[in-house]
Amino acid sequence: MKKIFNFALYDFANSAFTTIIITFIFATYFAKQIAPNPILGQSYWGWTIGVTGFLVAIIGPIVGSFADKKNRIVFFIRSFSLLCILFTSLLWFSKPSQSYLLYTLVIVGIANLFYELSLIFYNSLLKDISTSKNLGKSSGFGFALGYIGGIIILLISIKLFIDTNNLPFGLTKEESQNIRAIAPLVSIWFLIFSIPFLFFVIKDSKKKIKKSFSSIFDDLKKLIWNGKLNVLGKFLIARMLYADGLNAIIVMGGIFAVGVFNLEIKELLKLSIIMNITAFIGAFMGGVANDRYGSKTVIIFSLVGLIFSSTAILFMYSKLGFFFLAAINGLFIGPIQSASRVVITSLLNKNSQGKGFGLFATSGKLTSFLGPVLVSTVTFLTDSQRLGFSAAIILLLAGLIILLNIKKIN
């Protein structure tokens with residue numbers, strides 16, 4: 001149980017990055033105060049996340065396979081986590097001026113690249129800390145604790161830096177110092193709560209297996225192709241599509257809420273807290289359901305729910321109605337992420353976890369630019385954030401259709 005808790009504690013730590021930087025506070029700060037306008041802000045932000053996702057898709061399987069062969073999974077997760085923490089702290093220098101637009105996008109892109117690479121190795125360790133009987137609960141508990149972490153860091157950010165006139169450390173609200181200071185806070189949070197898992201729980205094996213890069217590519221091919229595309233390969237294609245849609249909703253959600261419903265920063269933070277609460281409930285319940293009904297059933301049910309609630313948002317003009325539907329969205333996001341991780345863990349043996357989750361990252365990132373970039377491009381061309389957001393729903397639906405045609409997963 002201690003290993004599972006420390007595993008989940010890393011989710012608790014890194015959720016600050018996605019919640020504060022990628023989705024809510026810093027994303028909206030960029031769109032409203034650095035970019036020329038929210039429409040361009042949504043487009044630039046989405047394109048940046050898309051580019052980093054594409055890079056992860058290319059190098060993820062190679063790095064993951066190399067880590068398997070050299071038994072250096074722990075080395076890589078430590079290195080990538082610390083690099084993400086470092087670059088996140090540099091966002092303090094992103095002042096509210098268009099002259100800092102390129103700087104901000106570059107730093108966010110690099111930080112997100114290292115964050116996504118760290119997840120490859122984090123996910124690959126799920127099998128080491130759990131058993132076949134509690135994979136679903138362990139994965140769900142990790143995501144659930146991550147959402148709790150997101151809630152807490154949001155509340156701290158609001159109390160210390162946003163909803164106050166008595167800022168700490170001699171800060172003022174000039175040049176948005178109070179917002180920029182949240183970036184170093186995220187770095188400190190990420191570092192402190194990841195230490196137990198990174199430095200006291202996991203260790204690299206001393207055994208090293210020397211193989212050429214050509215054999216690494218052969219191994220990757222064998223994971224998904226046995227004369228024809230196997231179950232893992234088919235699932236990765238389905239996951240590639242619905243993960244693109246999910247990624248677009250997560251990355252662009254905060255900017256969409258501000259641009260379409262004119263949410264103020266306090267309203268946006270309340271929305272984030274509500275969504276994290278429902279996501280916590282969904283992830284926990286999804287983990288239990290996963291062990292009882294199977295990963296495929298959980299993913300399908302959650303995708304259907306997410307598609308319906310997201311479609312309803314497109315036709316919603318009431319703030320209250322939007323808050324309600326966004327909360328429903330949160331309920332379905334956690335189970336999709338958690339159950340997908342369990343599928344990969346279940347289909348791979350212990351010695352293939354690194355390369356397998358490298359491919360898992362690829363399935364989520366090879367076309368991850370497609371989600372945010374498609375949303376950004378449609379938004380840019382139509383000058384409508386609602387029409388842009390509809391692109392994410394199409395990707396969710398495409399992934400669901402393929403998943404329904406996979407006969408057996410677990």
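Keep in mind that glycine also has a Cβ here, set from the backbone N, Cα and C atoms.
Database features, via TrEMBL:
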type	residues	note
DOMAIN	231-410	domain 'Major facilitator superfamily (MFS) profile'
TRANSMEM	12-32	transmembrane segment
TRANSMEM	44-63	transmembrane segment
TRANSMEM	75-94	transmembrane segment
TRANSMEM	100-122	transmembrane segment
TRANSMEM	143-162	transmembrane segment
TRANSMEM	182-202	transmembrane segment
TRANSMEM	241-262	transmembrane segment
TRANSMEM	268-286	transmembrane segment
TRANSMEM	298-317	transmembrane segment
TRANSMEM	323-344	transmembrane segment
TRANSMEM	356-381	transmembrane segment
TRANSMEM	387-406	transmembrane segment
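In the predicted structure, the domain 'Major facilitator superfamily (MFS) profile' (231-410) carries a mean pLDDT of 81. By the Cβ criterion (under 8 Å, sequence separation of 6 or more), the transmembrane segment (75-94) is not in contact with the transmembrane segment (387-406), since fewer than 3 such pairs are found.
A contact between the transmembrane segment (241-262) and the transmembrane segment (143-162) is absent, since fewer than 3 of their C-beta pairs, 6 or more residues apart, lie under 8 Å. Residues of the same chain lying 6 or more positions beyond the ends of the transmembrane segment (12-32) and with a Cβ under 8 Å from any Cβ of it are 38, 41-42, 44-45, 49, 81, 84, 88, 91, 94, 96, 104, 108, 111-112, 115, 118-119, 122, 145-150, 153-154, 157, 176, 179-180, 182-183, 185-186, 189-194, 197, 250-251, 253-255, 258-259, 265, 268-269, 272, 276. The stretch in 44-63, 143-162, 387-406 that contributes the largest number of Cβ pairs under 8 Å to the transmembrane segment (323-344) is 143-162. The stretch from 44-63, 143-162, 298-317, 387-406 with the most CB pairs below 8 A to the transmembrane segment (268-286) is 143-162. Sequence-distant contacts of the transmembrane segment (143-162), counting only residues of its own chain at least 6 positions beyond either end whose CB sits under 8 Å from a CB of the stretch, comprise 8-9, 11-16, 18-20, 24-25, 168, 171, 178-179, 181-182, 185-186, 189, 193, 265-266, 269, 272-273, 276-277, 279-280, 283-284, 287, 334, 337-338.
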